[in-house]
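Chemist: Below is the structure I would like to discuss, written out as C-alpha cells.
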Amino acid sequence: MNRTASTEEGPLVLGIETSCDETGIGIVRGTTMLANVIASSMEEHARYGGVVPEVAARAHLEALTPALRTAVADAGIDLAAVDAVAVTSGPGLSGALMVGVGAAKALALSLGKPLYAVNHLVGHVGADLLDADGGPGHPVELPTVALLVSGGHTSLLLVRDLVSDVELLGETIDDAAGEAFDKVARLLGLPYPGGPQIDRVAAAGDPRAIRFPRGLTKPQDLERHRYDFSFSGVKTAVARWVEKRQDAGEEVPVADVAASFREAVADVLLTKAIAACLDHGVPRLLLGGGVVANARVRQLAAERAAAAGVELRIPALSLCTDNGAMIAALGAQLIMAGHEPSGLGFGADSTLPVTDVHVV
C-alpha cells in the first residue's frame with residue numbers, strides 16, 4: 001500500500017480553482033488547510049436554469065481578488081510568504097479556466113514563485129488529504145478507486161499514485177450525473193440547481209414506485225462500457241413518464257418520480273464503482289464532486305462498500321464541491337514529490353485528460 005506525503009511543515013501553497021461556476025482560493029501548508037474561500041455564482045446561473053459559460057467567466061473576474069484577500073486574511077499569512085501557486089488548468093469551461101490561469105500566472109510572476117498547473121479531477125482526490133476544520137491532514141491510502149460526480153463530470157479513476165499514476169477507467173458517454181439531476185428537476189418544476197431540490201423532494205417519495213432504466217448495465221453494454229456511464233436514457237424515461245401522466249390528465253407524483261430517479265442514478269454509480277474496486281483488487285473507494293452531497297448516493301455508497309468489504313472515503317462536503325484548497329493540496333504533493341513547476345507557457349485546456357495530473 002502506498003501513501004501520499006503528509007506533513008504539517010510542508011510547502012505553503014496557494015491554490016486557484018475556476019473550472020466552472022465556483023471561484024475557489026485555498027491555502028495549505030503540506031496537508032494542513034489554512035484557508036478555503038469559495039465564491040459561487042450559482043444565483044446568477046439560476047435565472048437561466050443552468051451554468052452559462054460567459055456568466056461564469058465574468059463572475060470569476062469579479063470574485064477572484066476579494067476571495068484572494070479573504071483567503072490570505074483567513075490564513076493569517078503574508079502573500080509573499082507562499083512557496084508556490086497551483087491552479088486548475090483543466091478540464092472545465094474554457095473561459096472560466098482562462099480567468100484562473102491568467103490570475104495564477106500574474107500572481108506567480110509578481111511574487112517570483114513557482115507555478116504548478118494541475119488537473120481539476122485529480123484535485124478532487126487530493127481533497128481527501130485535508131481536514132475541513134483546519135486540523136492536520138492525513139495521507140490518501142493508495143491505490144484507490146475514485147468516483148467523481150458533479151454537474152460537469154462523472155468519472156471513475158484508478159489512482160495508484162496521486163501525482164504520477166492516475167488511470168481513467170470510465171466516464172459518462174453523454175450527460176454528467178449532475179446535469180441529469182438539473183434536467184429532471186426542470187421537468188418536475190423544481191428550481192436550479194436540481195440536485196439539492198430532487199434530494200429534498202425525494203425524501204418523501206418511494207424509490208421503488210417507478211423502475212427507471214439503469215444505463216449501460218445490460219450484459220451487452222458491459223462488454224464495451226463496463227465502467228462508463230450514461231444518463232441520457234434515464235432522463236428521457238423520466239420525461240416520457242411525466243408527459244404520459246400529464247397527457248392523461250393525471251397528477252404527477254413528484255416525490256415518487258424524484259425518489260425513483262435518484263435511486264436509478266445512485267444504483268448505477270455505486271454498482272460500477274464497487275465493480276471497479278473488486279475487479280482491480282482495490283480495497284477502498286473515494287467519492288468526490290458536488291453530487292456526493294446527495295443523501296442517497298452517500299447512503300448507498302456506505303451500504304454497498306460495507307457489503308463488498310471496501311473501505312469508503314468521503315471528504316467533508318465542503319471539500320467535495322469545487323474548491324481551491326484541493327488544488328493547493330495537490331500542488332503541495334507535487335512539490336514534495338520533487339516535480340518541476342509548470343512555468344508560464346501552458347494554457348487552459350477544457351479537455352485535459354485525467355492522466356495529465358500536472359502540466360509542464
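Cβ coordinates are placed from backbone N, Cα and C, and glycine is handled just like the others.
Feature list, courtesy of Swiss-Prot:
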- HIS120, HIS124, ASP322: Fe cation binding site (BINDING)
- LEU148, VAL149, SER150, GLY151, GLY152, ASP182, GLY195, ASP199, ASN294: substrate binding site (BINDING)
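Describe the structural surroundings of these features, if you would.
Modeler: For the recorded site, HIS120 (Fe cation binding site), the DSSP three-state label reads helix.
Neighbours of SER150 (substrate binding site), defined as other CB atoms within 10 A of its CB across all chains, total 25.
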Chemist: Once near-sequence residues are set aside, which residues in the chain of GLY195 (substrate binding site), 6 or more away, have Cβ atoms under 8 Å from its Cβ?
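Modeler: Listed in sequence order, they are GLY151, GLY178, PHE181, ASP182, ALA185, GLY290, VAL291, ALA293, ASN294.
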Chemist: Tell me, how many other CB atoms lie within 10 A of the CB of HIS124 (Fe cation binding site), whichever protein chain they belong to?
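Modeler: The answer is 32.
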Chemist: Looking only at Cβ atoms, how many others are within 10 Å of the one on ASP322 (Fe cation binding site)?
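Modeler: Excluding its own Cβ, ASP322 (Fe cation binding site) sees 28 Cβ atoms within 10 Å.
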Chemist: Looking at the binding-site residues LEU148, ASN294, which sits with the largest number of other Cβ atoms within 10 Å of its Cβ?
Modeler: LEU148
